[in-house]
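K.L.:
Sharing the feature lines straight out of Swiss-Prot:
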SIGNAL    1-25  signal peptide
DOMAIN    50-90  domain 'LDL-receptor class A'
DISULFID  CYS51-CYS65  disulfide bond
DISULFID  CYS59-CYS78  disulfide bond
DISULFID  CYS72-CYS89  disulfide bond
Amino acid sequence: MSSPLRMDVTFLLAAIAVTWVCGLKIGFPGFSTPPRSFIQHPKRTLCPEDCDIASPFKCEESPTCLRLFQVCNGRWDCEHGSDEDNALCAAVLRPLECMIWEFLEGQRDWILPNLFNDANTDLVAHALHEAYSMGDLQSYLNLTDQNIENIRNSTRGAIVGDPRPLMALGMPDRAWPEVMYLLKELYNLGLDVWAE
């Protein structure tokens, strides 16, 4: 990789991480009883008083400040592991929530009832952005056993390039490339639909 390209990629990743640290919260504010896996974490701020710009990520319940490359690197650098929180790390890698929302809105007539128990588009987009397992999705979206089976079959179909499970649920032919792409992305970026 050439040096300018490496710098561009590094800058892009740093910008995404800083945006996450500065402006986004993990959790479901505005909803009354989120499941334990989605309990809202305190908003992390860029360069809190006791952190400097070189180490802007403040660990929860600790005076420790981390460099951005230490966040979501597979090792607990914060005492309680807040730098490796599943929802934080999943959300950093996944497509933007607004992109998931736009996708869902375009497919809402067949995808929401068949895969997500007719849940609200905003809620489904947020859950897909942060969920780590099928258990997370099931508990927050109140999925039925049939929804879970449909999600698993649809994801399996997307992974192997077989649209038939989705077409059986009412997916229009023209939607296949977009549906396949998103389901594969979510799966490849950590949404384990086979884990409870």
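Every residue gets a Cβ built from N, Cα and C, even glycine.
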K.L.:
Could you round the CA separation between CYS89 (disulfide bond) and CYS78 (disulfide bond) to a whole angstrom and send it over?
P.N.:
14
K.L.:
Under DSSP, is CYS78 (disulfide bond) part of a helix or a strand, or is it coil?
P.N.:
coil
K.L.:
For CYS51 (disulfide bond) and CYS72 (disulfide bond), what Cα-Cα distance in Å is obtained after rounding to a whole number?
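P.N.:
Roughly 18 Å, rounded to the nearest whole number.
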K.L.:
Whole-number Å only: compute the distance from the Cα of CYS72 (disulfide bond) to the Cα of CYS78 (disulfide bond).
P.N.:
11
K.L.:
Quick one: Cα separation, CYS78 (disulfide bond) versus CYS65 (disulfide bond), in Å?
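P.N.:
Spelling it out, the Cα of CYS78 (disulfide bond) and the Cα of CYS65 (disulfide bond) are 8 Å apart.
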K.L.:
Near CYS59 (disulfide bond), which residues of its chain come within a Cβ-Cβ distance under 8 Å, counting only those 6 or more away in sequence?
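P.N.:
CYS59 (disulfide bond) has long-range Cβ partners CYS65, LEU66, ASP77, CYS78, GLU79, HIS80, SER82, ASP83.
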K.L.:
Kindly assign CYS51 (disulfide bond) to one of the three DSSP-derived states: helix, strand or coil.
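P.N.:
DSSP assigns CYS51 (disulfide bond) to coil.
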K.L.:
Give me the count of other Cβ atoms within 10 A of the Cβ belonging to CYS72 (disulfide bond).
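P.N.:
CYS72 (disulfide bond) is surrounded by 20 other Cβ atoms within 10 Å.
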